[in-house]
Amino acid sequence: MSRMTLKSSMKKRVLSLLIAVVFLSLTGVFPSGLIETKVSAAKITENYQFDSRIRLNSIGFIPNHSKKATIAANCSTFYVVKEDGTIVYTGTATSMFDNDTKETVYIADFSSVNEEGTYYLAVPGVGKSVNFKIAMNVYEDAFKTAMLGMYLLRCGTSVSATYNGIHYSHGPCHTNDAYLDYINGQHTKKDSTKGWHDAGDYNKYVVNAGITVGSMFLAWEHFKDQLEPVALEIPEKNNSIPDFLDELKYEIDWILTMQYPDGSGRVAHKVSTRNFGGFIMPENEHDERFFVPWSSAATADFVAMTAMAARIFRPYDPQYAEKCINAAKVSYEFLKNNPANVFANQSGFSTGEYATVSDADDRLWAAAEMWETLGDEEYLRDFENRAAQFSKKIEADFDWDNVANLGMFTYLLSERPGKNPALVQSIKDSLLSTADSIVRTSQNHGYGRTLGTTYYWGCNGTVVRQTMILQVANKISPNNDYVNAALDAISHVFGRNYYNRSYVTGLGINPPMNPHDRRSGADGIWEPWPGYLVGGGWPGPKDWVDIQDSYQTNEIAINWNAALIYALAGFVNYNSAQNEVLYGDVNDDGKVNSTDLTLLKRYVLKAVSTLPSSKAEKNADVNRDGRVNSSDVTILSRYLIRVIEKLPI
């Protein structure tokens, strides 16, 4: 055989082999773990019909992060398909038994698909999923809708908004808030307008405002650069304060009215009617509303909220900031002189109690925020003494009745000097251990649920609130597993769940239509008011009921919505966030660990001539002196063994 004939024969054999590989991968003969095919020319030829057993995040996914679907049907091959029918990825689903829903499910992992666009999953023998997007800004609209939900909860004023072509509005409500009968025995009134209606009812509760405001203020402090430019459709949108903070200010304005008029610093527990009202519009509720006597938990939460408001509003409105911190000081002094846990006397009221077993967590949070705002030694010692009494520093499951995590986060992330190194290490260890546990729980759950098999009234709020733990852990010890678990929590409430339904009104696939919300039940409009996370299944994953009367599973609440807002805030304007320097991430994989130290040593010793990217070069300069050398190696090694608390130095 001639040399030319031999070359021609080899070309034909290689071409035949390539054709065979493509054919076999498209038909699912090769497992996706062995061959992951990105086929730009192949088109879907079968007419796939929507099947609700293919369950995924109907809002969409962010490039370069986890993307998973759960398929509750026997299957193997799946395709990721563009809107025009082009197959961009072929994979093999892996089976697992979900101990939560007690079913065998199949996990389709298509995390390597990162091109922005609109797609669906096609599963031979099953059907296709709802369309979803992959985009850096995929959560922008969801975030704005959740914030719209907060605006529409405003009390003491009229509200008006159009969403998806439907107009939602109500007239001025509860303008007589509130009477002092239960405070001083006189039927006189003290102004307590503004604030948000709490949940499905129209009352206002300080303790639940605590976790709500705390979560949203932390969202601002953790993601300020991402949130500051976000424009919201609110009446104050053209003033000099960022819109996100304008919405919070409306709540703080009400919070400031809750101090007793006698100047003692005590804070009323709630403003409420004696009994829950009917399903009528807020402007039609005319029952008298009263200040309910003080509690130590409400007073401590007041201190924390107003202290946070003082430092956050200081750059935008110094006079308002001064008003907030002065109020906080008065109530803090009262608490210092009155250490007993005092429950509110709520006799005569059948509305939400928000009675905490202990106020230790509330007082700890108050001390943390006072110290972070003012820097006084007194507040630091108060916090550290209280924190030492908590055997577990970070709890995986927390809400209005346990706000200690909020104080721990503030202390841990504070850049103020003087912190106790041993306490810092203890909190950090607890944080990372808890975050790692949440990651494992999500990875071992058939629907990526970060709360695992735990269910109770409002548990959906906790699912998204756990993103706070994951995001703070990621700030302390960068790890893409934390980010992906946070995204799993979001995915769960937007459709990757047993029902293949979004749990947020007005968003995603087949969202709730009948929430336990008086406005939605009374306004005569078919669609519910938008932007609200409902409570979710209880007592188990199959017990959610989308009916108005099911307050146990289908109510809305400001604390759950604030948790959703925090979760989404971490991924708003995410493109700009991704461009931030992650000091110590020398291999540019989104983590800082011993692998980075090894690469940095090799680079400094010239065993390798380049780092993976220009961003990696910036990440390697951990002392920010404009050079990458042995000093950076020393600093990074000290950081990894926790001699140095944070990077850069």
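Every residue gets a Cβ built from N, Cα and C, even glycine.
Listed features, source Swiss-Prot:
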- Asp201: active site, nucleophile (ACT_SITE)
- His516: active site (ACT_SITE)
- Asp546: active site (ACT_SITE)
- Glu555: active site, proton donor (ACT_SITE)
- 579-649: domain 'Dockerin' (DOMAIN)
- 1-41: signal peptide (SIGNAL)
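Cα separation, Glu555 (active site, proton donor) to the residue listed as 'active site, nucleophile', rounded: 9 Å. Cα-Cα distance from His516 (active site) to Asp201 (active site, nucleophile): 9 Å (rounded to the nearest whole number).
Shown for the domain 'Dockerin' (579-649): DSSP residue counts in helix, strand and coil, namely 29 helix, 0 strand, 42 coil. Around the residue listed as 'active site, nucleophile', the same-chain residues at least 6 positions away in sequence with a Cβ under 8 Å from its Cβ are Phe276, Gly277, Thr351, Gly352, Arg518.
Taking the Cβ of the residue listed as 'active site, proton donor' as centre and 10 Å as the limit, one finds 20 other Cβ atoms among all the protein chains shown. Counting only same-chain residues at least 6 apart in sequence, those with a Cβ under 8 Å from the Cβ of Asp546 (active site) are Arg501, Pro512, Met513, Asn514, Asn554. The average pLDDT the prediction assigns to the domain 'Dockerin' (579-649) is 84. Cβ-based neighbour count (10 Å, all protein chains) for His516 (active site) stands at 24.
According to DSSP, His516 (active site) sits within a strand segment.
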